[in-house]
Amino acid sequence: AFLIPYVIALVFEGIPIFHVELAIGQRLRKGSVGVWTAISPYLSGVGLGCVTLSFLISLYYNTIVAWVLWYLLNSFQHPLPWSSCPPDLNRTGFVEECQGSSAVSYFWYRQTLNITADINDSGSIQWWLLICLAASWAVVYMCVIRGIETTGKVIYFTALFPYLVLTIFLIRGLTLPGATKGLIYLFTPNMHILQNPRVWLDAATQIFFSLSLAFGGHIAFASYNSPRNDCQKDAVVIALVNSMTSLYASIAVFSVLGFKATNDYEHCLDRNILSLINEFDFPEQSISRDDYPAVLMHLNATWPKRVAQLPLKACLLEDFLDKSASGPGLAFIVFTETVLHMPGAPVWAVLFFGMLFTLGLSTMFGTVEAVITPLLDVGVLPRWVPKEALTGLVCLVCFLSATCFTLQSGNYWLEIFDNFAASLNLLMLAFLEVVGVVYVYGMKRFCDDIAWMTGRRPSPYWRLTWRVVSPLLLLTIFVAYIILLFWKPLSYKAWNPKYELFPSRQEKLYPGWVRAACVLLSLLPVLWVPVAALAQLLTRRRWTWRDRDARPDTDMRLDTDTRPDTDTRPDTDTR
């Protein structure tokens, strides 16, 4: 069902905005700050907002890359470290927290994050995460050290290697039992879910992350294109290839998740069958999985009280398919647990996390370039300072700023950055981009530029989406997002081994100072827009006042001049 709103958002929101960014960057040949300053000095804040947003996103996104690197390094061993619970201090059993949850969850929450039970408890820096974070930023620096010159070479590997791994996973996934159930679950629309506005909001905001819209990176990269490059074809082809890649990846992922759900479903049935056999003294293996529903129905009719006392669980395949997580939980919990059930688990773990590492790096290239290129345009450092020095300084500042995510409470703050620093600001900046190009730069002028670059004028589809559909859609999504935020109190889910419903995560309300940080992150990038506009207005007023102050002196000089008016004309006397 998610595909339906995703396709609608792609057609009326993603592709049109993507085209705007490529076209305006290619035409004006500047980074995000330079482009919006050239369109109107009052819109320079849009570029500064994009730079700030890319900076904030790079902080937590490369932290996720560091987590992937940690898992990748731990995958080169057999058995995998998350395959079983570690023994307790007395070596007489297993760690209680691991037994109460699972080996996979324990490795993620305790041995990787070492997470605290409350966001107020910051904890200490985890040195293994700090080293992985430093290594991730070092790799990013080496890949973008000379901008597009080095990035263009590395991108061949980081773009092609994931396709190879996805193909391998797809072939292997389709041969696993239960793969078809996962694919049926993926492509069977649940129309009831479409009634939930959150699904539409998630689909609309997912477009921004999928195409990296409003980051400023596309404007920066497009500025290096040939002036006559067909940016319209690039926008359509890249957007469609990106979406098809997402669909291709989802087929590979859901075939493997179908295998995991089937495996969990069968284990659930086996536990229930074992309980029935022990309670009613049936012979071993006398009840098959296929016969279990009929046997249970018969026993419920004949011995209802004895059956009610048994710890039987409701085993439905759909429920296990619905438990598929998203975000970090999908990669570090669900998929890592699935890999354990596959023959040659370490090999599949290395391939999977190697793929995620290259995908993360390729995304970081554009995000960091969205910060560096505008800084070069603005001239933050003197001209004699090499670009390598500026790139190194940016990566160092980002690394130092991201060390907060290596604290024991770092995962809570990463979720805050993801929820509040990204989504709202992306919506607002994209809205300002479209409005700025169409209504400030001018639709006719923009269409003339595209005709000059591509040789053809934009069709009615482009003009209608730019002028009406995309701005209204973005504004509607933004308002709905704000309503949902105020509808539900700001809360987070904590990993607390002492929670009575553990291993379920305990939902807690954010303290006041964290809520203030959430509001600040939500407003920080967009605040550049009114601040820059106000600064430009005050600057122009100051120059206007200076001109007015200078005029009286000129008028007085002219009034006191006793020469006739003819003296002020050029001397035409030929004598």
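Positions of Cβ are set from backbone N, Cα and C atoms, glycine also.
TrEMBL: automatically predicted annotations, no manual curation.
Look at TrEMBL and you will find 6-24, 45-73, 125-144, 156-179, 199-224, 236-257, 347-368, 389-408, 420-443, 464-487, 513-538 tagged as transmembrane segment. The Na(+) binding site annotation in TrEMBL covers S210, N242, L359. Under the heading region 'Disordered', TrEMBL lists 554-575.
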**Asked** By a simple count, how many Cβ atoms lie within 10 Å of the Cβ of N242 (Na(+) binding site), its own Cβ left out?
**Response** 17
**Prompt:** Have the transmembrane segment (389-408) and the transmembrane segment (45-73) got at least three CB pairs under 8 Å, pairs 6 or more apart in sequence?
**Reply:** yes
**Residues from the same chain, set at least six apart from the ends of the transmembrane segment (347-368), whose C-beta lies under 8 A from its own** = 54, 57-58, 61-62, 64-65, 68-69, 71-72, 75-76, 80, 139-140, 143-144, 151, 154-155, 157-159, 161-162, 165-166, 168-169, 172, 212, 215, 217-218, 220-221, 331, 335-336, 339, 391, 394-395, 398
**Request:** Count the Cβ pairs between the transmembrane segment (236-257) and the transmembrane segment (513-538) that lie under 8 angstroms and are 6 or more residues apart in sequence, then report whether there are at least 3.
**Result:** no
**Item:** Same-chain residues near the transmembrane segment (125-144), Cβ under 8 Å, at least 6 residues beyond its ends
**Value:** 62-63, 65-67, 69-70, 73, 112-114, 150-151, 154, 361, 364-365, 368-369, 372, 391-392, 395-396, 398-399, 402-403, 405-408, 410
**Request:** Flag the pair the transmembrane segment (464-487) / the transmembrane segment (6-24) as in contact if three or more Cβ pairs fall under 8 Å (sequence separation 6 or more).
**Result:** yes
**Request:** Report yes or no: does the transmembrane segment (199-224) come within contact of the transmembrane segment (6-24), defined as 3 or more CB pairs under 8 Å with a sequence separation of 6 or more?
**Result:** yes
**List of residues, in chain order, with Cβ under 8 A from that of L359 (Na(+) binding site) and at least 6 apart** = T158, P162
**Request:** Determine which residues of this chain, when S210, N242, L359 are set aside, have a Cβ within 8 Å of the centroid of the Na(+) site's Cβ atoms, and list them as they appear in the sequence.
**Result:** F209, L211, T245, S246, T363
